[in-house]
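Pulled from Swiss-Prot, these are the features on record:
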| type | residues | note |
| --- | --- | --- |
| BINDING | Arg23, Gln24, Ala25, Gly26, Arg27, Asp73, Tyr149, Thr204, His321 | substrate binding site |
| SITE | Asp73 | site 'Transition state stabilizer' |
Amino acid sequence: MRKLFLDAFGEKKLDKPPVWIMRQAGRYLPEYRAVRVKFDNFMDMCRNADACCEVALHPLQRYDLDAAIVFSDILTIPEAMGMDLKFIKGAGPVFSEPIQSQKDLDKLKSIEDSIGSLDYVYNAVKTTSSAINVPLIGFTGSPWTLAAYMIEGSGSKQFNKLRKMMYANPQLMHSLLQRLADITIIYLLEQVKAGASSVMIFDTWGGILPLEHYKNFSLKYMEYIAKNVKQKINIPIVFFTKGGSNFFEEIKDKSCDGVGVDWSVTLKQARHRIGVGKVLQGNFDPAFLYGSKQSIRETVRANIEFIQSDKLNNYIVNLGHGIYPDIDPDSVRVMIDAIREFSA
């Protein structure tokens, strides 16, 4: 197995950084779209281990990447808890009966029953890990991010229902977050048991919170998960809060091994605020892949020059969020080739 990705979490400074891409198995690839049309809905595809493996392999077959990520979705846990999940074209994920009260929370399945409904994810991890020669990344959504969808019923610009519950009924909010955190610990451990070499916690909506609320309603539960996972098995864990650059000083002392960085700050700024000891992952703006070949190469060169100049810390080159569906696959090749060239 190529271990450059895992070596980034070690103490030795690497000669070159590993690279992978968030949502690297996705709609921008025509081969992904060819598999997707075979399934009536997205979750049916996620429940098919062979399909998950096939689409996870697509980017590895196209590009020189140092890691794969299991093909799944962050909302597998709420669905396993008994919530009715549908992916609606133009609207994204939708829960028909969102959480609004303690009564709604009481209707959810127990942790034991919920975990038993997630075997299809572990099967996808096992099938994929046995088919690749690079580390496989397992993942989950943060409790706060899962709660955001469970309470709103869908994505949102303002998340008014979510924030209302946080302020008006914090006890109910914490009850939901704690249950999600307890399930997530088992969920991640099962992914590792099935073959994941590291895990990532996607805190997609943590960035909407004020600092104190981020600490109490998001980071607290990610740290709880990381500590409990590491008590069982010491694997690399990466926290990624989208829009979370204001929170780096709070994250730097937590149990994660790496921190995802979006494009709102430079890697130099992020390193200054996080300090030494944590791997930084990121942080290209996904939209930079719309640019010309020359502009892509120039942007890559600037980031790689900083990475190479830091003699103490390792970095994982990635985008600052998931790749957009309409990106030209050839632009991705330009990016990766430039990363390899300028890292040589």
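Cβ from N, Cα, C; glycine included.
Farthest C-alpha pair in the substrate-binding residues Arg23, Gln24, Ala25, Gly26, Arg27, Asp73, Tyr149, Thr204, His321: 23 Å apart. Under a cutoff of 8 A between CB atoms, and with a sequence separation of 6+ in the same chain, the neighbours of Ala25 (substrate binding site) are Tyr32, Val55, Ala56, His58, Pro59, Ala68, Ile69, Phe71. Each residue contributes its Cα atom, and for Arg23 (substrate binding site) and Asp73 (site 'Transition state stabilizer') these two points are 10 Å apart. Around Asp73 (site 'Transition state stabilizer'), the same-chain residues six or more apart in sequence whose CB sits under 8 Å from its CB are Phe42, Met43, Cys46, Pro93, listed in sequence order. Of the binding-site residues Arg23, Arg27, His321, His321 has the largest number of other Cβ atoms within 10 Å of its own Cβ. Counting only residues at least six positions away in the same chain, the Cβ atoms of Leu75, Pro78, Pro93, Phe95, Gly155 sit under 8 Å from the Cβ of Tyr149 (substrate binding site).
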